[in-house]
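As written in TrEMBL, here are the features:
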- R18: active site (ACT_SITE)
- N36: active site (ACT_SITE)
- 3-91: domain 'Acylphosphatase-like' (DOMAIN)
Amino acid sequence: MPTARFIVRGKVQGVWFRASTRDEAARLGLSGHARNLADGSVEVLAIGDAAVIDALQRWLHAGPPLARVDTVFRENLPVDSLTKRNDFAIG
């Protein structure tokens with residue numbers, strides 16, 4: 001299953017970014033997680049169809065209304081047993 005890791009920078013903590021990302025991922029049918037990082041960014045791991053991951057990436061560039069997204073970095077990850085999930089968690 002295609003897997004991508006995103007690092008989203010800007011005003012993305014304390015603005016419901018992770019919860020909104022979870023909701024959007026659920027709407028799209030993706031699994032994975034969103035978690036705050038110590039440097040103020042948010043890491044998003046998305047697992048699912050490649051075209052659907054692309055749709056999430058487009059959404060990440062805007063984020064929820066209170067967010068200000070400066071950059072979205074994407075890294076495509078190799079598929080392995082560690083990325084097989086059926087949910088989208090907030091960490």
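Using N, Cα and C of the backbone, Cβ positions are placed for all residues, glycine too.
It is N36, among the active-site residues R18, N36, whose Cβ has the fewest other Cβ atoms within 10 Å in the structure shown. Geometry remark: N36 (active site) versus R18 (active site), CA distance 8 Å.
Counting residues per DSSP class in helix, strand and coil order gives 28 helix, 34 strand, 27 coil for the domain 'Acylphosphatase-like' (3-91). Note on the domain 'Acylphosphatase-like' (3-91): mean pLDDT across this stretch is 92.
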